[in-house]
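Sending over a structure as C-alpha cells; questions will come in a sec.
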Amino acid sequence: MLNVRNLTVNLGRQTILENLTLTAQVGQITAVVGPSGAGKSTLLAALTGDLSFDGSVTLNGHDIARTSTTRLAEIRAVLPQATPMSFPFTVLEVVRMGRIHKTMNNRMASEALTRVGLHGFEGRFYQELSGGEQQRVQLARVLVQVWEPVAQGSSRWLFLDEPVSSLDIGHQLQVMRIIQDFAVRGGGVVMVMHDLNLTAMCADSVILLSNKMVMHQGSPRDTFRDDLLSSAYGCKIAVNRAPEDGMFLLPQVACAAS
Amino acid sequence: MPTAEQISPATVCDGDRSATTRRIVWLLGALLAASMIVALATGSAGTSLWQALSDVLQGRELSLRDRVVLLDIRAPRVLMGCLVGAALAVSGAVLQGLFRNPLADPGIVGVSAGASLGAVGAIVLGGALVVWTVPVSAFLGAWITTILLYRVATRRGRTSVATMLLAGIALTAFAMALTGILVYVADDTQLRDFTFWTMGSLAGSTWSKIYVAGPIIAIPLLLTPFLAKGLNGLTLGEAAAGHIGIRVQRLKACAVLIVAAATGAAVAVSGGIGFVGIVVPHLLRLASGPDHRYLLINSALLGAALLVMADLICRVIIAPAELPIGIVTAVIGAPFFLWILLRQRGIVDL
Ligand SMILES: Nc1ncnc2c1ncn2[C@@H]1O[C@H](COP(=O)(O)OP(=O)(O)OP(=O)(O)O)[C@@H](O)[C@H]1O
Ligand SMILES: [Mg+2]
C-alpha cells in the first residue's frame, strides 16, 4: 500500500503541492487527474523519490526517503512522460535496461515487446521510432523491471506518467489492459491520466488534483461529479451514465467563465 | 530536441549486438598488437627488431646501441603511446556517457586545459622537484574543471549541448590565461620544455615517466568496466537511471574522478593531444553500438592503437626530425569533429 501524509512540495520559492494526503492500494489502479499544471507530474516525482518534499510517503510500509535506490528499483518501476535517448541503442537493448542489475535473456524482452504490440521491433533503433512507439518501448522496459514477483513477496508497483497520451485508441486500450492485468496479478498502479473517459473505464480509484491540493479521492463514480469536475477544470462538464453501469463525460459547450 | 547520434548502420535483425561486439574486441586487440610491433620495429636509428630478436634467440649478445634504441627509447615510447591513447579515448567515452552527449571530449570541454594548468603550475612554481607532483596537480586541475563544467552544463539531470560547449570554451580560455601568467614568470628552460609540451608529444617518454604515469592511468582504466552498466542506464536520463536502481550520484562522482585521473596523467606526460577522445568512441559507436560494456574496452584498445600509429607517423614522416603528435591528431580529428557536428545539426537544437 502507498500511503502519503501531509505531502508538501516546494520548487524554488513556489509551493507546487500543499499538504496532500492520499492512499493507493495494491491490486488497484489509482489514477491522478487534474488540469494541466495542477502538479500531477510533480506529485509522481515526489512519490518516486525524485523531488525532495515535506511529509511522509510510505510504500509497502517503508518510508521511501529511507529506502535504498536498489531496493526501490526491485519493487517499483517508473514510466516518465517522455524519454529521449542520446545514443543509438536498439529497442532490445533499451528493454533489457529494465533489468540492468539482474540476469535476463532476450526472450523476456521479446515477450514484453509483444505484450505492448511491438513484436519484431527488437532490431530497430530507438531514436528512429515514433513518439507513441518510443513510449511503448519504455513501457516494455518498465514491465520487465517488475513483471516477476519479488523474492520476499512484497508487492510491486508501477508509477506511470501519462502512459497513453501519445497513443491511438486501439493501443490505449491495449496498454490499459496490460496495466489492469498487472493490477489483477497483485501489483499496485499509480498513473497520471488526462483522458477522463478512459480513467472512468479503467481506474479503481481517482485522485482529483486541483489548485495544489487533492480536491477529492474516491471511486470514479464518487469523484466524477458534475460540480467537482467543473470547478476543478474551470469549464462546465456533465457526467452521463451509459447502460450497464458505464460512465462517460461530455464537456458542455458553454465555458464556466461565460 | 534531445541530442541524438543519427546513424543508420545495417539494421540489426534481433537487436542483440553483443556477439559482433565481442568479435570486435579481439580484432582491436590484434590491431593494437600489430601496431605496437610495427612501432617497435620502425625508427630513424636503423636498428632492426627482427635482427635483434634472432640474435637473442641464438644466444648472442645485443649491441649496446641496439639495446638502448629498442629497450630504452622505442619500448617506453610505444608503451606511453598505448597508455596515453587509451586514457584519452576512454576519458572521452566516459565523459560522453556522463553528459549523454557524443560531443564531449576532454580537449574540447576544457578538461585538458585544466590539467595543463595544473601541470604547468607544478613545473613553474617549483613543485616538479618530486616526480609525482606534475601528474597529481594535473589530475587536480582536470578534476576541478570537470566538476565546474558539470555544474554549469547540467540542470536537473539534463545537459544542454550548447551550454556544455560554451562552458568548455570559457573554461579553456580561463585555464589558458592562468597558464599564460605562469609562463610569464617561467625561466628559459622551463619555457622551452613548456612550448614543446603544449603541442603534444611522446618524445620524452622514459621508463621513469611510465612508472609515475602508468598507475595513475592504468588504475582508473581498470575501474571503468564497473561504470559500464551505470553509464548505459544513464542514457535514459538521471531520474530514470535512479529508478532502475543505479546510484546516480556515486556513478557521476566516480566517472568524474576517473576522467580527471586519466586525462590529468595523460596530459602531464604528453601535453595537448586532442580529438582522440571524440574520434575513437564515435567510430566505435558506429561500428558496434553504444553499449558501454564493450565501448569502454574497445575505446581503450583502439585509442592505444591509433596513438601508437600516429606517433609512428610523427617519427618517420620528416625523419630525423619529429612532428609533435598533437598536430597529427588535430589535423585528422578537427575535420572529423566538424563532420559529427554537421550530421547532428539537423536534429540537435543547439
Ligand atoms: N522546476 C520548477 N520550478 C518551478 N515551478 C515548476 C517547476 N516544475 C514545474 N513547476 C510548476 O509546477 C506546476 C505543476 O507542474 P507539473 O508538471 O506537475 O504539472 P502537471 O499537472 O503534470 O501538468 P501537465 O498535465 O501539463 O503535465 C506548474 O505550474 C509548473 O509551472
Ligand atoms: Mg505532467
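The backbone N, Cα and C atoms fix where each Cβ goes, glycine too.
All TrEMBL annotations are machine predictions without curation.
Annotations for this protein, taken from TrEMBL, read as follows:
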- B:24-53: transmembrane segment (TRANSMEM)
- B:73-95: transmembrane segment (TRANSMEM)
- B:107-130: transmembrane segment (TRANSMEM)
- B:136-153: transmembrane segment (TRANSMEM)
- B:165-186: transmembrane segment (TRANSMEM)
- B:206-228: transmembrane segment (TRANSMEM)
- B:254-284: transmembrane segment (TRANSMEM)
- B:296-318: transmembrane segment (TRANSMEM)
- B:325-342: transmembrane segment (TRANSMEM)
Against which stretches of its own chain does the transmembrane segment (B:206-228) lie, if we need a Cβ under 8 Å and a gap of at least six residues from its ends?
72, 76, 79-80, 83-84, 86-87, 90, 94, 97, 131-132, 135-136, 139, 251, 254-255, 257-258, 261-262, 264-266, 268-269, 291-293, 295-297, 300
Among B:165-186, B:296-318, B:325-342, point out the range having the most Cβ pairs under 8 angstroms from the transmembrane segment (B:136-153).
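Answer is B:165-186, with the largest number of Cβ pairs below 8 Å.
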Which sequence positions outside the transmembrane segment (B:24-53), separated from its termini by at least 6 residues, show Cβ-Cβ distances below 8 Å to it?
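For the transmembrane segment (B:24-53), the far contacts come to 62, 65-66, 69-70, 73-75, 77-78, 81-82, 284, 287-288, 294, 297-298, 301-302, 304-305, 308-309, 311-312, 315-316, 319-320.
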Counting only residues 6 or more past its boundaries, what in the same chain has a CB within less than 8 Å of a CB in the transmembrane segment (B:165-186)?
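Apart from its flanks, the transmembrane segment (B:165-186) reaches 103, 108-110, 113-114, 116-117, 120-121, 123-125, 141, 145, 148-149, 152-153, 194, 350.
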Six or more residues beyond either end and a Cβ under 8 Å away: which residues meet both conditions relative to the transmembrane segment (B:296-318)?
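Same-chain residues near the transmembrane segment (B:296-318) but 6 or more away: 21, 24-25, 28-29, 31-32, 35-36, 38-39, 42-44, 77-78, 81-90, 92-94, 201-202, 221, 224-225, 227-228, 273, 276-277, 279-281, 283-284, 288, 324-325, 327-329, 332.
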Should anything in the same chain at least six residues away from the transmembrane segment (B:73-95) have a Cβ under 8 Å from its Cβ atoms, list it; otherwise answer none.
32, 36, 39-40, 43, 45, 104-106, 109, 111, 146, 202-203, 205-207, 209-210, 213-214, 217-218, 220-221, 224, 227, 231, 255, 258-259, 262-263, 265-266, 269-270, 273, 276-278, 280-281, 284, 292, 295-296, 299-308, 310-311
Would you kindly list the residues that approach the transmembrane segment (B:325-342) from elsewhere in its chain, counting only those six or more residues past its ends and only Cβ-Cβ distances under 8 Å?
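Residues 102-103, 105, 108, 198-202, 270-276, 278-279, 282, 307, 310-311, 313-314.
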